[in-house]
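Following: one structure in C-alpha cells, then a few remarks.
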Amino acid sequence: MESPAGRTPAPGALPYYVAFSQLLGLTVVAVTGAWLGAYRGGIAWESALQFNVHPLCMIIGLVFLQGDALLVYRVFRNEAKRTTKILHGLLHVLAFVIALVGLVAVFDYHRKKGIADLYSLHSWCGILVFVLFLAQWLVGLGFFLFPGASFSLRSRYRPQHVFFGAAIFLLSVGTALLGLKEALLFQLGTKYSAFESEGVLANVLGLLLVAFGAVVLYILTRADWKRPLQAEEQALSMDFKTLTEGDSPSSQ
C-alpha cells in the first residue's frame with residue numbers, strides 16, 4: 001500500500017531491525033578499537049603496532065561497511081534506482097579502499113618482521129574474500145551502472161549478484177572470526193583457557209560479529225522487505241516479459 005504522497009512506507013519492523021543492525025555494527029567497530037587499544041597498544045603505521053591496522057580496517061571495511069552496502073536497497077525504498085545503485089557502489093568502493101589499507105598493513109608488517117605470508121586458513125580465506133569482493137564489484141559495475149548491459153542481461157544476472165553479495169559478506173564475517181581466534185592463540189597461548197580478560201573481550205567481539213552478520217542476513221532474506229519496484233522498473237519488467245514470453249497487452 002502506498003502513502004498519499006506516492007511513497008511506499010517501510011514495513012513495520014524493518015526500521016527497528018535496521019537500527020539494531022547499525023547498533024551492532026558500530027559496537028563491533030568500537031569493541032575492536034577497545035581491544036586493540038587496551039590490550040594491543042593501539043595502532044600506528046611505522047612501528048610494531050602496524051599489524052593492528054589490519055584487523056581494524058578489515059572489520060570496518062569488509063564487515064561493517066559491506067553489510068551497510070547490502071542494506072542500501074532495504075533502507076532507501078523510494079529513491080531513484082540509479083541514486084540507490086550509486087550509493088550501493090560507493091559504499092563498496094569505500095569498503096574496498098579501507099580493506100586494501102588493512103591488507104597492505106599486514107603484508108608490510110610481515111615483510112619487516114620476516115614472517116611468512118599466506119600459510120594459515122585465515123589468510124587463505126582472506127585472500128579469497130578480497131578477490132571475490134573485487135570481482136563482484138567489477139562485474140556489478142559492468143552490469144548495473146554502465147549503460148551497455150541490456151535489461152534482459154541484468155535480469156538474468158541479478159540473482160547471482162544478490163547471492164554472491166550475501167555469500168561474500170558471510171565469508172567476510174567467518175574470516176574475521178578465524179583471524180580473531182588466530183590472534184588470541186598467538187598472543188595468549190595457554191593463557192586463553194584461563195579466562196584472561198583479553199580473551200573474554202575478544203570472545204564478546206566474536207559474538208557481536210556473529211550477531212551483526214545474522215541480523216543483516218535476516219533483513220536481506222525477508223522477501224516482504226525487498227525494495228518495491230518503481231514505475232519505470234515495472235514498465236521495463238513488463239517490456240522484458242513481453243519480449244521473452246510473447247504476451248502483449250492486447251492478448252490479455
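Cβ atoms are placed via backbone N, Cα and C, with glycine included.
Worth saying up front: this structure is predicted, and the values here are computed from it rather than measured.
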Original post:
Taking the topological domains recorded in Swiss-Prot, do Ile115 and Trp225 share a side of the membrane?
Top reply: no
Densest Cβ environment (other Cβ within 10 Å) across the binding-site residues Asp117, Glu182 belongs to Glu182
Whole-number mean pLDDT, the topological domain 'Vesicular' (39-52), equals 95
Span of the recorded heme b 1 site, as the biggest CA-CA distance among His54, Asp117, Leu118, Tyr119, Ser120, His122, Glu182 in Å, is 17
Stretch winning on C-beta pairs under 8 A with the transmembrane segment (200-220) (pool: 18-38, 86-106, 126-146, 160-180) is 18-38
